[in-house]
Amino acid sequence: MIRDLSKMYPQTRHPAPHQPAQPFKFTISESCDRIKEEFQFLQAQYHSLKLECEKLASEKTEMQRHYVMYYEMSYGLNIEMHKQAEIVKRLNAICAQVIPFLSQEHQQQVVQAVERAKQVTMAELNAIIGQQLQAQHLSHGHGLPVPLTPHPSGLQPPAIPPIGSSAGLLALSSALGGQSHLPIKDEKKHHDNDHQRDRDSIKSSSVSPSASFRGAEKHRNSADYSSESKKQKTEEKEIAARYDSDGEKSDDNLVVDVSNEDPSSPRGSPAHSPRENGLDKTRLLKKDAPISPASIASSSSTPSSKSKELSLNEKSTTPVSKSNTPTPRTDAPTPGSNSTPGLRPVPGKPPGVDPLASSLRTPMAVPCPYPTPFGIVPHAGMNGELTSPGAAYAGLHNISPQMSAAAAAAAAAAAYGRSPVVGFDPHHHMRVPAIPPNLTGIPGGKPAYSFHVSADGQMQPVPFPPDALIGPGIPRHARQINTLNHGEVVCAVTISNPTRHVYTGGKGCVKVWDISHPGNKSPVSQLDCLNRDNYIRSCRLLPDGRTLIVGGEASTLSIWDLAAPTPRIKAELTSSAPACYALAISPDSKVCFSCCSDGNIAVWDLHNQTLVRQFQGHTDGASCIDISNDGTKLWTGGLDNTVRSWDLREGRQLQQHDFTSQIFSLGYCPTGEWLAVGMENSNVEVLHVTKPDKYQLHLHESCVLSLKFAHCGKWFVSTGKDNLLNAWRTPYGASIFQSKESSSVLSCDISVDDKYIVTGSGDKKATVYEVIY
């Protein structure tokens, strides 16, 4: 047995005297001495390893301290950014309300100044950040290239820093902070396998930092860090919950909250600047947009058996959605609360701006050339806010790589074995689920809301022209000037020409309002028609303003003589369909078209009051209709997911467009070859009537219930179950203005002079807006 001990000790380690002619003798004392030497050797090795492990533990503790400090600073910056965004939003809301009270020439100057304030170029941003870095470099008093370095001498105390110190932190955290979620997964994976060995090896009270700092270290003390990771996750969840609650409150309270304000008080709709085809990315982090209290109220205030937006027991009676609940939209924010004005470099813009422009400049909005996952954190513009801490925290590190500090940060990260990343986003696949991932945003890194769809189905974000929101005939915003308390859900509205009377259709009657005197709170007359329990679905005035045609959830159409001393029904048209969903009048006032619940389009001779023809083609209810200005072509949309055009001279179908969603509304541009379609899936699509090209617009969050073109043809409005009124530029859909009401907006109309908009909503009222140019 003792002889076998010689096999334990390689001769290369402890050579012994050896004579080839004599046998090898091994005594017990020599073996003990050899064992003692080996023990001392192992003890020395153990001591050396222990020192190295203690050194590593010390480094880990130091790095963990740095990590926590960066996290606290990032959180502080996030809070500061949120605060500044809120300040900017409120200031811009004040500006939007004050500007209309200025004289016309001053209005133009102020509006131009505000617009200039939004045009921040990359050169200006680089100069501003360079000044901040230089000031910070001088204040720290050391010569290192990055103001916040891993060396303790360059670290500020773990407190919330002022906004001025953000640049250095952003630069370095773009490399360190972006991967904050990776160590947690890595440590959990190794935790079970290494726990037993780690427990018997080095016992240290230090807390483990990021697991990827030393890739060659196989046996790490992960037990302590695992608990720290759980604690870290818990803190992040608490922060997220706090931010989500704030965001939802802001959505309800800081937009245009009709329920919390005097209905008669004029208010400007949020005057954002959607020149750039981008929108807030924070909303996109949520998979299912929660139903706000306002939408719940709107649903509860709308009779489920009658309203256009809810399902009925019989699908043939009322056009309905395939689903009673609004489709969750994550690719479109709540307009009015999350659409952010874009910053686009303007060629030739001088670096200096006037004091008003500089005071209105939106902070922390850095355009980034990367596509969506590497975009900037969405700043809150005139009516935007940060609603998701996840997006805000991740986006906090995504500063433009053109800044020199980012390169230094990458070098600092490389010293710790990390790849120099720019704003790694662990949830980038969740950002824009409804928009193909191969689509990049416009310059600025924000996902677009307007897309051009080519003939082969390729979607590309639309670059808006410089005159998208300026020029004759393009409104700046709309101001609510009157509320007409109808008393029932208002499913139909129309405005007289000239603009004096508004007709609102509810349950069993049409009420007539004189809006030339805003003080009038009562209708001037009430036209009882259909049955008392049946909803009016459409009412149309003949061009002379003397005749009103009313249709709804009944088989008859009522023709009213408004020129009589007392308005009276002069005729009724009876069809075989149980309901009429929409009406259109020919330009010569001789023919009326009605969309029937059985899918047919009935053509009525108004002079002889007879049915002269039926267009058959829709396999489900025909829900919406419009007619070309020359009276030769008719467009209809249906619940069979199709839009069809009809030749009125030949009485035949011309075209058919198939969609994947039910069609709830449409409008034909009075001056051009464009047809806008509002759908159940919350999209608005603008089709060219002779070419396969089209535009797809994403700002609504639920069904698009009504749509109307301005008579100039340069813009149109759409309303939806998401309580929103959106105004769009024809045809590419730049968002001109948005207004949020307190309930679903079921119907709308625009006056002939394009100066007034009227909407009918689920909270039993109609709202009159003045369009401000």
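Any Cβ shown, glycine's included, is placed from N, Cα and C.
Cross-referencing Ser208, Ser265, Ser522 with Swiss-Prot, the residue annotated as phosphoserine turns out to be Ser208. Per Swiss-Prot, the annotated phosphoserine among residues Ser292, Ser586 corresponds to Ser292. Lys237 is the residue among Lys237, Lys286, Lys570, Lys740 that Swiss-Prot labels N6-acetyllysine. Same-chain residues lying 6+ beyond the ends of the repeat 'WD 1' (485-523) with a Cβ under 8 Å from its Cβ atoms: 264, 301-303, 306-308, 529-541, 543, 545, 548, 550, 552, 560, 567, 746-753, 755-756, 758-762, 764-766, 768.
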